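Can you read through this structure? Questions will come right after.
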Amino acid sequence: MAMQPSYPAPFGAAAISSSAGQEVASTIRRQFTDADADRIVETPLGEKADSSDTAGPDSEDGIDQEGHDKITALARSLSQISQKSAGPTNTFLDPSSDPELDPNSDKFSSRKWMKNLLHIKTRDPDRYPRRTAGVSFRNLNAYGYGTAADYQADVANMWLKGFGWLRSILGCRNRVQIDILRNFEGFVRSGEMLVVLGRPGSGCSTFLKTIAGETHGLWLDEGTHIQYEGISWDEMHSRFRGEVIYQAETEIHFPQLTAGETLLFAAQARTPANRFPGVSREQYATHMRDVVMTMLGLSHTVNTRIGNEYIRGVSGGERKRVSIAETILCGCPLQCWDNSTRGLDSSTALEFVKNLRLSTDYTGSTAIVAIYQASQAIYDIFDKVIVLYEGRQIYFGKASDAKRFFIDMGFDCPDRQTTGDFLTSLTSPSERLVRKGYEALVPRTPDEFAARWRESAERQRLLADIEAFENESPLGGSKYKEFTVSRAAEKAKGTRAPSPYTLSYPMQIRLCLRRGFLRLKGDMSMTLATVIGNSIMAFIVSSVFYNLDQTTNSFFSRGALLFFAILLNAFASSLEILTLWQQRPIVEKHDKYALYHPSAEAISSMIVDLPSKFLVSVVFNLILYFMTNLRRTPGHFFVFYLFSVTITLTMSNIFRWIGAISRSMAQAMVPSSIFMMILVIYTGFTIPVRDMHPWFKWLNYLNPIGYAFESLMINEFSDRRFPCAQYVPAGPGYEDVPLSSKICSQKGAVAGQDYVDGDAFINTSYRYFSSHLWRNYGIILGFFFFFLAAYIICSELVRAKPSKGEILVFPRGKIPAFVKKSRRDGDLEGAPTFEKQQLDNAGHDSTAAIVKQTSIFHWQDVCYDIKVKGETRRILDHIDGWVKPGTLTALMGVTGAGKTSLLDVLANRVTMGVITGEMLVDGRMRDDSFQRKTGYVQQQDLHLETSTVREALIFSATLRQPASTPHKEKLAYVEEVIKMLNMEEYAEAVVGVLGEGLNVEQRKRLTIGVELAAKPALLCFFDEPTSGLDSQTAWSICTLMRKLADHGQAILCTIHQPSAILMQQFDRLLFLAKGGKTVYFGELGPNMETLIKYFENKGSSKCPKNANPAEWMLEVIGAAPGSHADQDWPEVWNNSPERAQVRAELARMKEELLQRPPPPRTKEYGEFAMPLWAQFLVCLQRMFQQYWRSPSYIYSKAATSIIPPLFIGFTFWREPTSLQGLQNQMFAIFMLLVIFPNLVQQMMPYFVTQRALYEVRERPSKAYSWKAFMLASILVELPWNILMAVPAYFCWYYPIGLYRNAYPTDSVTERGGTMFLLILIFMMFTSTFSSMIIAGIEQPETGGNIAQLLFSLCLIFNGVLASPSALPGFWIFMYRVSPFTYLVSAVLSVGLAGTSVKCSDIEILHVPPPQGQNCSSFLDAYVQMSHGRLLNPEATSDCQVCPVADTDTFLAQVSISYSDRWRNVGLLFVYIVFNIFAAIFLYWLIRVPKKRSRKIKEE
């Protein structure tokens, strides 16, 4: 009897008979054929399978597609392999037992790991039920809605936009249905790969999003039928959400987390409940993470932060692979990849697609991929292809049959053109080739192509196949039940059956909590900055109110201190709105992946923030409470701290709720700023409750800060007697007056008492009652829980604003007629497309206008070294070459070879490092005008969003062409450039943003046009002009460069590995290897024969006939995945006769060119083409135009200048001249200053936008000087802010009634005009202050924080909250340097001076005179001395005294005099001028490259 093989208990079968094992093995062998096993011979990293791998009796060597359909979804990890032995190994418990199964081992084999895992799962199908998701679709029609015209909003027509929006809301506006996808049909079985081909705008992304269920802004026709092997579309995207994933081309991750932490989170969120027995969740997730990272070559990044554009982290390619790994770990059986190879070179793209192939083959998953510039090797990996043409389906079927289908139709595929390029070229009339004799038979329009497809026999077979496929998996059938059972087996205990999530809600919260603390650990800077900043602010505020005395003199100071304390505690969380918006795209992505509820992240984020909130609160409140000598008893301190912490948490919930209900950042920030102002005003300190007007008084009842402030005042004053510090009467002659004839000067005082009762004071002054203390706490808790629930609910339900589809935007009145017509007709392609332009301009040749270049640019022995971590690293190593007029030279190389570095060095754009070698123009050194006389087409398409295409070209031509060229001639040349680039139909279109503006190709053409408009006299540099473009657009760009070269332009162009056809456009090639070493420089020859012969003659393998020479060359030098170089090719080049010929030619060229007479020195050889004043005017004009076309900014500025002043005006409506009325008017002026930070923060982003464009593109091109830029940037703000002063003045000054104070002095007009001047100065100061702060700061958020800090200091030390006499001596300098000191002094004096005070009843002091005296004889001396007023001089009892007789006395108490108003005005103008000069100086100091600090050496 044969011994039974034993298996570890964790696999669910303690022992299994030999016959049972053989039965399993035979079943698997029936499922997997040898042919398919042979097809999968490589791991994702190009590792060859071991042909000597002999399988045991239970291993699965041959795998066919049918078998894969029957294997369970292993999408989290099933890209690995099994082992050689008959029994599987539990790699989760002990991965080190077999190095080939250990992802941390150098011997790890992903294929063996995969086979091992498959073996385990097939042994217990009941425990691990299978789950697959193919898809079929019939009559798929998708559409959106548009309007008859799309025009650019500006300040003038914004109202028309608003009316149109209102009409659409009311249903009065006719919406035009725009068809996007029309009559799509097809099916993809599980385990298959479908490639989606089409040009941008053809509907590729929409098709993928529809399959994946992301249909925001899209509508599906009622007849559309989509099902996923028995599961309906609706159910798949609700109950089974996350099983079909749309992978966008952008990478969105938390930058603070490491790659390992990011992927571990995804693995944990989808860790199934039906794991192998004995394997914990942590073990499972960690092992799966390690396997996938090893598979994708990410193991070395496990502890490296993801990073982003501001935080250093993994490279861009590694970040893209992290996104791919995250999708794999999500375990979805159907994946939609939207251009995920964008920006990758062809070898990296091939590696990515091979990974997908391995996953689908082993797991039975399904992949649908839209891909650009697919090489033949990539295309051949796919099973099926769908070709789209302007929203129509023109083919669906086997990838291997597509080429023959169209060739039989009458089209021709040139030699060496890939199948993918051939199929997409059919959608471009200028590129498709028709076989001879078929010219009248082939289709030409999208509708004709679609009709030919619908009439084809291939389509009839497809329909039959779809019917058979759907009959195999009817809705609700066996596959649906298997899918449901499989999904249920993975769900954790406590998860609802209809829930799409794998984890239960508490588990999701715990998982998000863990990630939240990791994020906090990864970036402690914000927490530390908050703690340090609040500590500093606590010390500053506490020093201002240091050690308050215990007498009635401290009443106002204590109230102001508690007001400041509660506001600082309440608004400590205001920036959480920004934090929420930074993470919102990530949370929404994970919700689509069904990793966790957004509300789970919301709850966890609040919990994660609690420790830092408590720490900040403890530090701030401890310092403030005890330094200022607030009520020093344990009970009262803890009451103070309890209310402070509670209001912090409550306001945090409110700010989070505002962020959650907003669908854009602007929607969140504008209401929050107005909301904060309302809370400040209606707290109860600036205007007491009894003085609030009824139309706004209700706001106090809805203000949680108001309840907290009342409780803090009660806590400080209740049950406490304060010794009187100032009696009435007092002073010389009143020393012997008995106490019975005196009264304390504070509210709530009683005659004859030497103290003031705290309860009486707060009752009289604020109507606060001690019984409200804990009632208020209960109300605050009510606010806390209400907004907590609201935040959680809204975070779950409200989604961010979806992006719009691609549309062109034109200035109003300049929309082309054909655009209007096409949109009325509901045509998706109504916007101009390149093919229409090509047809319209087929006979036009505008390149004749190009001035032929005559200079030769040549370089020899160019080296470039930089310092990296203290060590010198050579980036470029002795590069030789030249660019002659009329030639197109390609610069190629492997990733990291230094292509862009060489381009930057040659273009003189490098600002650090050491450069050696010769770079000459006609044998002479480059002069100051070199950068201006060269065109540099950057890889990034950077343009001002508000400019039109023509305006961008005119700007470049005006500033960069010589000043001697007439302006009319420059404009005429711009028109020629527009024709040359075939941009006539969108020349008036606004650049805009992607999706609402120019598309990718149009932007690239504009980038080229901007450089051509400068009429470069020397040469043009092109940096990756085809990166990220589809093959047809790349072809059009290359043909354009060829055309330019043919007309005399000299062009040097870096390019990622292009197709063979693209390479034929180039004359010469400079190829670099790793380390910046030359591999080849020379002619390409016809069909690249010269290049091929060079490598073949040097010992390389022969180039196959149909191979792409560019890819073959990479394989030869060992740069392609899985390839190895058999010799040192840079060394081969250095020793070759070809290099010797290059060196000889350089020597000859230098000698001959030096014999030419040097050009005469003229103004055209200066750094800039135009004088400074002309640069300034042109820049200023463009900036004014930008502001005019940014109505959201201007109207936000207007709203900030109108709504808060108007609200303040009606809050302090016609304030009387009582003591409280004067204080209210003073606070009305104080509150007007609160709009300052809002205006500042609005301005900064627009400056940063202009500066980024200038520094990245226009400064290196020497278009204009930084002085012109700074002066224009500062000046452009001033008119708008001056304009805003008008509504701010009228909305604030007159409602408050400040003009009435001028009646007694008969100076209403004069003081009204002075007040307007002061508001004007305030607005000008705000503008210039903003420019000064942001001039040298990188990010507007950082600038906003600095401005907020300086604003807070100015607010504290302006003399309102604390008078100069009350300030400690060492803070007097802050009072004197604060600009708000002089602004508040001027505004208060102009607004209040020169009128009498009329005390209200509660402000009148009732003093009993001594017996035998009337009030006049008793108090006349006192009121004259104190500048008060005696109201009843003849009375003999109850003398009524108003402590202040006129407003001048009131102002004198805060050191303000009306006579200083013009001095203050002059000082404010000094501050404005200082801001301007400081902005210019700071920009020069921080951001202008200094020649002496560039550390560049040219020898």
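Quick reminder: no glycine exception, Cβ is built from N, Cα and C everywhere.
Annotations for this protein, taken from Swiss-Prot, read as follows:
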type: BINDING; residues: Gly893, Val894, Thr895, Gly896, Ala897, Gly898, Lys899, Thr900; note: ATP binding site
type: COMPBIAS; residues: 16-30; note: compositional bias 'Polar residues'
type: COMPBIAS; residues: 31-51; note: compositional bias 'Basic and acidic residues'
type: COMPBIAS; residues: 80-94; note: compositional bias 'Polar residues'
type: DOMAIN; residues: 166-415; note: domain 'ABC transporter 1'
type: DOMAIN; residues: 857-1100; note: domain 'ABC transporter 2'
type: CARBOHYD; residues: Asn339; note: N-linked glycosylation site
type: CARBOHYD; residues: Asn763; note: N-linked glycosylation site
type: CARBOHYD; residues: Asn1414; note: N-linked glycosylation site
type: TRANSMEM; residues: 526-546; note: transmembrane segment
type: TRANSMEM; residues: 561-581; note: transmembrane segment
type: TRANSMEM; residues: 606-626; note: transmembrane segment
type: TRANSMEM; residues: 635-655; note: transmembrane segment
type: TRANSMEM; residues: 669-689; note: transmembrane segment
type: TRANSMEM; residues: 778-798; note: transmembrane segment
type: TRANSMEM; residues: 1193-1213; note: transmembrane segment
type: TRANSMEM; residues: 1227-1247; note: transmembrane segment
type: TRANSMEM; residues: 1268-1288; note: transmembrane segment
type: TRANSMEM; residues: 1317-1337; note: transmembrane segment
type: TRANSMEM; residues: 1353-1373; note: transmembrane segment
type: TRANSMEM; residues: 1466-1486; note: transmembrane segment
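Surface or core, plus neighbours and distances: that's what I need for these features.
In sequence order, Lys899, Phe1071, Leu1072, Ala1073, Val1079 are the residues near Gly893 (ATP binding site), counting only same-chain partners six or more apart with C-beta under 8 A.
Mapped onto three states, the DSSP output places Asn339 (N-linked glycosylation site) in coil.
Less than 8 angstroms from the CB of Asn763 (N-linked glycosylation site) sit Gly748, Phe769, each of them six or more residues away in the same chain.
In the three-state DSSP classification, Asn1414 (N-linked glycosylation site) falls within coil.
Long-range Cβ contacts of the transmembrane segment (526-546) within its own chain (Cβ-Cβ under 8 Å, at least 6 residues beyond either end) map to 520, 557, 560-561, 564-565, 568, 572, 612, 615-616, 619-621, 623-624, 627-629, 1349, 1352-1353, 1356-1357, 1361-1362, 1367-1368, 1370-1371.
Same-chain neighbours of the transmembrane segment (1193-1213): 155, 158, 666, 670, 673-674, 677-678, 681-682, 687, 692-693, 695-696, 1187, 1224-1225, 1227-1228, 1231-1232, 1234-1235, 1238-1239, 1242, 1246, 1280-1281, 1284-1285, 1287-1289, 1291-1297, 1323, counting only residues six or more beyond its ends whose CB sits under 8 Å from a CB of the stretch.
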How many Å separate the Cα atoms of Gly898 (ATP binding site) and Asn1414 (N-linked glycosylation site)?
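Here the two Cα atoms lie 99 Å apart.
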Could you tell me which of these binding-site residues, Val894, Ala897, has the greatest number of Cβ atoms within 10 Å of its own Cβ?
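Result for the most crowded candidate: Ala897.
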Can you tell me which of 561-581, 635-655, 669-689, 1227-1247, 1317-1337 gets the most C-beta pairs within less than 8 Å of the transmembrane segment (1353-1373)?
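Of the candidates 561-581, 635-655, 669-689, 1227-1247, 1317-1337, 1227-1247 scores highest.
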Helix, strand or coil for Asn763 (N-linked glycosylation site)? Use DSSP.
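For Asn763 (N-linked glycosylation site) - judged by DSSP and reduced to three states - the answer is helix.
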Measure from the CA atom of Asn339 (N-linked glycosylation site) to the CA atom of Val894 (ATP binding site) and give the result in Å, rounded to a whole number.
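Answer for this pair: 21 Å between alpha carbons.
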Could you state the CA-to-CA distance between Asn1414 (N-linked glycosylation site) and Asn339 (N-linked glycosylation site) to the nearest Å?
95
So which residues does the transmembrane segment (669-689) touch in its own chain, when a touch means Cβ under 8 Å and the partner is 6 or more beyond its ends?
559-560, 562-563, 566-567, 570-571, 574, 577, 655, 658, 662, 696-697, 699-700, 703, 705-706, 709-710, 765-768, 1196, 1199-1200, 1203-1204, 1207-1208, 1211-1212, 1220, 1224, 1227, 1230-1231, 1234-1235, 1238
Tell me if the transmembrane segment (1317-1337) touches the transmembrane segment (1227-1247). I count contact as 3 or more CB pairs below 8 A, with pairs 6 or more residues apart.
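Contact between the transmembrane segment (1227-1247) and the transmembrane segment (1317-1337): present.
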Quick check on the recorded positions Asn339, Thr900, Asn1414: which one has the highest count of other Cβ atoms within 10 Å of its Cβ?
Asn339
Taking every residue in the domain 'ABC transporter 2' (857-1100), what is their average pLDDT?
87
Cα-Cα, whole number of Å: Thr900 (ATP binding site) versus Asn339 (N-linked glycosylation site)?
24
Whole-number answer please: how many Å between the C-alpha atoms of Ala897 (ATP binding site) and Asn339 (N-linked glycosylation site)?
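Rounded to the nearest whole number, the Cα-Cα distance is 25 Å.
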So which residues does the transmembrane segment (561-581) touch in its own chain, when a touch means Cβ under 8 Å and the partner is 6 or more beyond its ends?
530, 534, 537, 541, 545, 548, 609, 613, 616-617, 620-621, 624, 628, 630, 643-645, 647-648, 651-652, 655-656, 658-660, 665, 668-669, 672, 676, 679-680, 683, 685-686, 704-705, 708-709, 712-713, 716, 1341, 1356, 1361
Would you identify the secondary structure of Thr900 (ATP binding site) according to DSSP, in three states?
helix
